[in-house]
Amino acid sequence: MSHSERMNSHSILAEGLRKRYGDTYALDGFDLAVREGTVCGLLGPNGAGKTTAVRILTTLLRADGGRASVAGFDVAARPAEVRYRIGLTGQAPAVDEILTGRENLEMWGRLYHLGRRTARARAGELLDRFGLGEAADKRIKHYSGGMRRRLDLAASFILAPRVLFLDEPTTGLDPRNRDEVWQAVRTLVAAGSTVLLTTQYLDEADRLAHQIAVLDRGRIIADDSPDALKSMIGGDQIDLVLREERDLPAAAETLAAVTGAAPTVDATARRVTAPVSDRIGALTEAMHRLREAAVEVEDVALRRPTLDEVFLSITGKGAAA
Amino acid sequence: MSALISPVVPRTAARRLGWVLSDAWVIARSNLIHLTRNPAGMASMLLFPIVMVVMFGYVFGSAMTVAGGGDYRAFLMPGMFAQTMAVGVTTTLVVVSTQATYGVTDRFRSMPVSQSGVVLGRALADMAGSALELAVLIGCGLVVGWGWHNGPLPALAAVGLLLLLRFSLIWVGIFVGLKLKPESAGASWMLMLPLTMIANTFASPAQMPGWLGALAEWNPLSATVAACRELFGNPGWSGGSWAAQHALALAIGWPLLITAVFLPLAARTYRRLDRV
């Protein structure tokens, strides 16, 4: 299919994007296609090019090569049309500290040329929806980190954007605030918007995204559904948590013998992990042998691999690298 | 939730201009709200020039003689006016640099806001702030015995020259502010102070060592100060050099030149934010 044909079914379409800083490519042939009404998690370590990709797709940055369209318009040729159809929440909340929540939203609404009355009505509506109704007339400097982030999100929702870009929206938030942001994103997607979410947190992408694209050194190295990506590294994982740290080597040896794979050992969590194919067989055999070796097991679990493990196996290094 | 409006990008020049003006007003208004919500900041902004008047007018002033004769405080006030206009550039610098660093500029740029509107709004807010400072300082001058002696029209022309200087520095502030981090932008204040003192602000260049005097004579600030002294009818405006003789022309010429250089630079840097 040609670029223009694919534009009809995909809200975000990037083909061969390149961006160079000096001698290094921040993006080096970046391809991505996100279907309308879905959430795509863009995952990668610091410096992989996530923010550069978002900046190009939101018309903030000009690519050196390749092409991209968002909401049906070319980002380089028709930036004004794109800007009317997107929302962007960057890494630092872009809110005005001195103004109240309501004043912030009214200001942004008027900058979208909504007109005074519509901007005011819209601000009230969004404040309620994002749980900021009570704090609406307080200045932002009295807001918590989570409240600022929600206000920032609310600002990106003013026009109910067709495509929403969230660049690490929950970095630095506590779990409760993170849940609130996730809930807001789910609501928007339920209403038909498309979301591109960059994150370093694998569980975040796992919870929200229909599609996960893994970015490493400026290129997409994996792009699939979360389940398909997890299947890439094989079946289930077995986790053993021991009572005593000194038993770790013995447990690792036992697990290696039972599963035929090399286990990973997390000393601080007193945990040994290995992939298994015969779930129940491996579980009972391992428990039997460990009891014979007098190794006390505090907890045992069979589970699907995490995206962290997926990432490790694709890139050969951890996501936090 | 449904989309509220169907996006329309304006096609006619008149509608585009309407956007520019409306965007400029929204942005200027939010900046003016900042002023009213920060009483401590506003107080220090307005008190600083008054403290300077007291310090220079009375502490040092008692030991100063005006070249050519006249009251030192009457000599000092036009210098204080122009210095306040010049130091005002640090406000532009700090706001521009802070907004660029903390994502506010990015939000503007990812929205269908007219870029001229953003800049015009910034300019309106800065000019309003500086006009307020100037008004307070003029009141302060009247209290310490300064006044205008050539009638109201030349006095208004002098005020116009002062605001023209401030206007030209907005573009310097935007250009430099887009290139600096907020911490260094804040420190620019330290640099502005001496720059405004190597001029005819507090003493006549004729009383300085030769090289420094020449530098002071050609400082754009000196042109505005000398022209204001002339228009207000305050002592100390005459001087022997070409620059001093043509103070009025230079007080118009320098700001126009600064604008001609820095307005395109500021616009270019803003436009080119998409390349860095």
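Glycine is no exception: its Cβ is also placed from the backbone N, Cα and C atoms.
Pulled from TrEMBL:
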- B:40-273: domain 'ABC transmembrane type-2' (DOMAIN)
- B:39-60: transmembrane segment (TRANSMEM)
- B:80-102: transmembrane segment (TRANSMEM)
- B:123-149: transmembrane segment (TRANSMEM)
- B:155-178: transmembrane segment (TRANSMEM)
- B:185-203: transmembrane segment (TRANSMEM)
- B:247-267: transmembrane segment (TRANSMEM)
How about long-range neighbours of the transmembrane segment (B:155-178): same chain, 6 or more residues beyond its ends, C-beta under 8 Å? 78, 81-82, 85-86, 88-97, 100, 119, 122-123, 126-127, 130-131, 134, 148, 185, 188, 220-221, 224, 227-228, 231-232, 251-252, 254-256, 258-259, 262-263, 265-266, 269-270, 273
Residues of the parent chain within Cβ reach of the transmembrane segment (B:80-102), under 8 Å, 6 or more residues beyond its termini: 31, 49, 52-53, 56, 122, 126, 129-130, 133-134, 137-138, 141, 162-163, 165-166, 169-170, 172-174, 176-178, 180-182, 184-186, 188-189, 192-193, 195-197, 199, 201, 221, 224-225, 228, 273
In the same chain, who gets a Cβ under 8 Å from the transmembrane segment (B:247-267) while lying at least 6 residues past its ends? 119, 161, 164-165, 167-169, 171-172, 174-175, 178, 220, 222-224, 226-228, 230-231, 237
